[in-house]
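What Swiss-Prot annotates here:
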type	residues	note
REPEAT	4-94	repeat 'Solcar 1'
TRANSMEM	10-30	transmembrane segment
TRANSMEM	74-91	transmembrane segment
REPEAT	104-192	repeat 'Solcar 2'
TRANSMEM	110-130	transmembrane segment
TRANSMEM	164-184	transmembrane segment
REPEAT	213-299	repeat 'Solcar 3'
TRANSMEM	216-236	transmembrane segment
TRANSMEM	274-293	transmembrane segment
Amino acid sequence: MAASWQWENATAGAVAGFATVAAMHSLDVVRTRFQVNDGRGSSLPTYKNTAHAVFTIARLEGLRGLYAGFFPAVIGSTVSWGLYFFFYGRAKQRYARGRDDEKLSPALHLASAAEAGALVCLCTNPIWLVKTRLQLQTPLHQTQPYSGLLDAFRTIVKEEGPRALYKGIVPGLVLVSHGAIQFTAYEELRKIIVDLKERRRKSESTDNLLNSADYAALGGSSKVAAVLLTYPFQVIRARLQQRPSTNGIPRYIDSLHVIRETARYEGLRGFYRGLTANLLKNVPASSITFIVYENVLKLLKQHPTTKD
């Protein structure tokens, strides 16, 4: 497998990441605000549901509020998806080496996805932390608001130290299972659809068998499975990544503290706050990601680079 193939995957993944953020960011803001609102003294307004949240943010904060944290989200998503598809492709290539059958087992797809997810998490956690904090800023924010991405980085390092950039890394690493589940489900469902279509049209290659509607269905269905199994860890990470109060005391100390407090005051429901907004965002977002990724990859394969 040529090195250019890996860069084709990375490029297609980066373009897919950008397209996904551009289309769905406002729902990401809503989801994040629901996730951290534990009902115990918050600078955020109380929202009744997803639609109410969208209209309230638009009315009180305007378009800027709905797109809070957009710049780090674009950087984070573009870099994350680019790296993810690159590492994922490299891992699959390594596991396939020396095998007579090029098709990998579900376990090897899972291992490839987990490996890629862990590497991406370590590379991008600071970007996601800044994105979360910018999304939680409102006109009523109690502390001096960050003016943007660079100011947020500088202020966090100055006030909390460099280690603060990796708050939420533990649940983030656990969330590697999210991507692993999604990609394994995607690959296995993709095999089923390809096999069904190959029986009908034996003359076409795999690339031509699937269309954008297939990629949308595969991306959406695989995302639902991953979200339902791993969503509580997204809530835990978001709560850990909140900005400390004006006296510098964080609301939560670590992941176990979040789990204890959430279970005590909110019960199981607390771990699924923002789930509706999350599904409304991520199911179509995942479809967009895979539609763009597969089509950009197909385009790049039709016009390959000369480098190996």
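Using N, Cα and C of the backbone, Cβ positions are placed for all residues, glycine too.
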Long-range neighbours of the transmembrane segment (110-130), counting only residues six or more past its ends (CB under 8 A): 69, 72, 75-76, 79-80, 83-88, 91-92, 95, 104, 146, 149, 152-153, 156, 164-169, 172-173, 175-184, 241
Other parts of the chain folded back onto the transmembrane segment (10-30), taken as Cβ under 8 Å at six or more residues beyond its ends: 47, 50, 53-54, 57, 65-70, 73-74, 77-86, 89, 135, 274, 277, 280-282, 284-286, 288-290, 292-294, 296-297, 300
For the transmembrane segment (216-236), distant same-chain residues with Cβ under 8 A (at least six beyond the ends): 35, 168, 171, 174-175, 177-179, 181-183, 185-186, 189-190, 193, 255, 258-259, 262, 270-275, 278-279, 282-291
Overall pLDDT of the repeat 'Solcar 1' (4-94), taken as the mean: 86
Residues of the repeat 'Solcar 3' (213-299) by DSSP state, where helix covers H, G and I: 70 helix, 0 strand, 17 coil
